[in-house]
Amino acid sequence: MAALGVAEAVAAPHPAEGAETAEAVELSRALSRLLPGLEADSKPGRRRALEALRRALEEPGPAADPTAFQGPWARLLLPRLLRCLSDPAEGCRALAVHLLDLGLRRAARPRDALPRLLPALAARLAGPVPARRPPEACEELRLALVQLLGLAVDLCGAALAPHLDDALRALRCSLLDPFAAVRRESCSCAAALAQATPDHFHMQSESLIGPLMQTISHQHWKVRVAAIEATGAVIHFGNGKSVDDVLSHFAQRLFDDVPQVRRAVASVVGGWLLCLRDRYSFFHKLIPLLLSSLNDEVPEVRQLAASLWEDVGLQWQKENEEDLKDKLDFAPPTPPHYPPHERRPVLGCRELVFRNLSKILPALCHDITDWVVGTRVKSAQLLPVLLLHAEDHATQHLEVVLRTLFQACTDEEAAVVQSCTRSAELVGTFVSPEVFLKLILSTLKKTPSASGLLVLASAMRGCPREALQPHLAAIATELAQAHICQASENDLYLERLLLCVQALVSVCHEDCGVASLQLLDVLLTIVALAGATGLRDKAQETMDSLAMVEGVSSCQDLYRKHIGPLLERVTASHLDWTAHSPELLQFSVIVAQSGPALGEALPHVVPTLRACLQPSQDPQMRLKLFSILSTVLLRATDTINSQGQFPSYLETVTKDILAPNLQWHAGRTAAAIRTAAVSCLWALTSSEVLSAEQIRDVQETLMPQVLTTLEEDSKMTRLISCRIINTFLKTSGGMTDPEKLIRIYPELLKRLDDVSNDVRMAAASTLVTWLQCVKGANAKSYYQSSVQYLYRELLVHLDDPERAIQDAILEVLKEGSGLFPDLLVRETEAVIHKHRSATYCEQLLQHVQAVPATQ
């Protein structure tokens, strides 16, 4: 029956074809001998027939003429090959697809095959239920079928329009195929189909958007690229409303790890901005996508995006030339303060951004605070690009921009903060400082924050000097207010505050002289409150920079210039200070760092110290102040006594400051304060600032309190007290009242039993000085009983286990031997036999015999 059908087909040509040529008849007869094998029951038989057909079509011969091939192809081969697409044998189906490919390529009118080819392809690729697997089980064959569909699109072009339903049904399924190569080929086919049938495709293009958006996130990057490019063509030649459906997916691909994918997004979006029919209505949605690519990490992507964006701007500029006539004819030059290393966008690009900024900003500002890090980073990178285009037109959106920057500058991601500081710099560059300062400073006045200070610093850094200079004093005054500069002791806050001062100094240079006091006040606060050493060092460097722009040699010269007003402000509340008061910390910094200028400010400094160091004040505060006072007293000539005026305040220091704090009170804190006071007294007496007479005055006032401190638990206090007494005795010589002099040595003798050898050695040294004072006294006989008692006690210690102590005691005894040598000899001989070693006693006796008695 099959042979009969073939014979009838050969004998009765189609009426539309007319009489066949001899080549066609010959080909028909050749094929008629092979076609019956396609109906064989056995798989090998059908396969042999298909192989024979393949050889017949591939070999040169009658089939080489497309016109001669068209008739037999359409009547004999096509129907049977399409039936073979459902053959149970995979090999037969593969050969059938290959033969269909050959036939389409050789046929003179391949479009004639579409009415039968497209439904057959759709049946094999789609099936009746889209959710189920396609009828064609072999993925390589599905790939071949999609390639065949693509070939039909290439060969037939617009002739596919009547068969779009079948083609789209096949593509909707193949775009979701499990096999990556099928998806990729389907994307190419969809793009080609859209381009081939633009007049009809737009009515059904939306049906492909869903499958394409599922494919756009495929794990293979080449599939993702193909899906993006296919989406570009489908929307370009289809329904532009689908842009809304793909925007979020395209935005997500901007985060793709593969640069080729990001490049595809830039290319497609740029193409839409140039060629999409209703592109004007989508500008505000597409511009952010393309501009985001300007910050891509790969140079090639950045260059492509920049080139496309410039083309978009120039095209729009040309299309709206009449509207832009004035701006084109009278275009102002590039602003002189335009950011360096930035190329100014063409007018069309700037106008596009400006006109769409009100629609772009709300979504962008929302995304900058998104919970996803990548979204925040990308959005923050886009904002400075928009501001660079908007220039001074950003003024009308400034409130929204600044509010966003305040929030975004608190981000933990450094990249977000970096982009936001760049945005703030551009605000300073293009917006009048009168406008942005009003908004920023009012916000800081209500709620001071580290992020607000960072925005202010960045804006000032971007502002031209001549624009910022009139506002310099107002800014510095506001920063110096306690509600801002003392709002937080957090190092980040203080670092941002420092950035504000650095910005003013770096931008305004010598103009900072009008606000030098306020800026120094802020820097002083930063140094006082900073917890990190590095931050204090930076603040110190900024002080040096401020001094340089003011034309003075160092920050100490700055202090000399402003120390009066600084101390007047800081000490205004000194009666209310505690250990944690910012003013106390500021006062401490001024005293410690002002150097010689401190000597000019004693009328402020000493009364403040007197009031704050009373026993009724906060103990921790007193400890801090004593520490600072000790430090400056050690360098008194270069600090507190630089003008030689400190001795005139000596009575206040000794009677009103040191004496009350040397009094004994119970508790560890009180003991620590006594130690601090003793240290301060030691610094005072050893500073070489006081004359001998002044030291004697100090001795007269404080010796009783110092003697009591020899009993302190603190080894350091006992040691320093010994040294102070030694200094007092050396200065007074024999001028000390005998009664007072006699009261000293018993306290020193007690220290020879101290647990600390250092204290014992210091006590021994002081006893040497005491004996020298006795030598210098007029009535030595008055001291005989005291000296005799001293001899006895010293001879006990001469047998000490510690050799160093023995040596020290021997020196004391030698020093005192000249007073009453006979008495000393008797006392020595009385105990020599009790000593573990008579060596030291013998040395002492030899010394007494060799040295004459003191007259």
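Each residue, glycine too, has its Cβ placed from N, Cα and C.
Just so it is clear, the model here is predicted, and its values are computed rather than measured.
Swiss-Prot lists Ala2 with the feature N-acetylalanine, giving a large-scale study or a structure entry as the kind of evidence.
The repeat 'HEAT 1' annotation in Swiss-Prot covers 71-109. Same-chain neighbours of the repeat 'HEAT 1' (71-109): 6, 9, 13-14, 17, 20, 24, 27-28, 31-32, 35, 38, 43, 46-47, 50-51, 53-54, 57-58, 63-64, 116-117, 120, 124, 135-136, 138, 140-141, 144-145, 147-148, 151-152, 155, counting only residues six or more beyond its ends whose CB sits under 8 Å from a CB of the stretch.
Summarising model confidence by region, the repeat 'HEAT 2' (202-240) averages a pLDDT of 94. Per Swiss-Prot, the feature repeat 'HEAT 2' maps to 202-240.
Per Swiss-Prot, repeat 'HEAT 3' is recorded for 241-278.
The repeat 'HEAT 4' annotation in Swiss-Prot covers 280-318. Here the repeat 'HEAT 4' (280-318) has Cβ contacts under 8 Å with residues 240, 243-244, 247, 250-251, 254, 259, 262-263, 265-267, 269-274, 324, 328, 345-353, 356, 359-360, 363-364, 378, 381-382, 385-386 of the same chain, all six or more residues outside its ends.
Taken from Swiss-Prot, the feature repeat 'HEAT 5' applies to 354-376.
As annotated by Swiss-Prot, repeat 'HEAT 6' applies to 377-414. Proximity of distant same-chain residues to the repeat 'HEAT 6' (377-414), defined by a Cβ-Cβ separation under 8 Å and at least 6 residues beyond the stretch ends, is recorded for 254-255, 288, 291-292, 294-295, 335, 339, 342, 345, 349-350, 352-354, 357-358, 360-362, 364-365, 367-370, 420-424, 426-427, 430-432, 435-436, 439-440, 443, 449-452, 454-455.
Annotation source Swiss-Prot lists repeat 'HEAT 7' at 599-638.
Helix, strand and coil content of the repeat 'HEAT 8' (696-734), in residues and according to DSSP, is 36 helix, 0 strand, 3 coil. Annotation source Swiss-Prot lists repeat 'HEAT 8' at 696-734.
Long-range contacts of the repeat 'HEAT 9' (738-776) within the same chain, counting only residues at least 6 positions beyond its ends with a Cβ under 8 Å from a Cβ of the stretch, are 703, 707, 710-711, 715, 718-719, 722-723, 725-726, 729-730, 732, 782-783, 786-787, 790, 793-794, 797, 802, 804-805, 808-809, 811-812, 815-816, 818-819, 854. What Swiss-Prot records for 738-776 is repeat 'HEAT 9'.
Taken from Swiss-Prot, the feature repeat 'HEAT 10' applies to 784-822.
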Would you mind listing the long-range same-chain contacts of the repeat 'HEAT 8' (696-734), meaning Cβ under 8 Å and 6+ residues beyond its ends? 650-651, 654-655, 658-659, 662-664, 671-672, 674-675, 678-679, 681-682, 684-686, 690, 740, 743-744, 747-748, 750-751, 754-756, 758-759, 762-763, 765-766, 769-770, 772-778
With helix taken as DSSP H, G or I, strand as E or B and everything else coil, how many residues of the repeat 'HEAT 6' (377-414) land in each class? 33 helix, 0 strand, 5 coil
Summary of DSSP states over the repeat 'HEAT 10' (784-822), given as helix, strand and coil counts: 30 helix, 0 strand, 9 coil
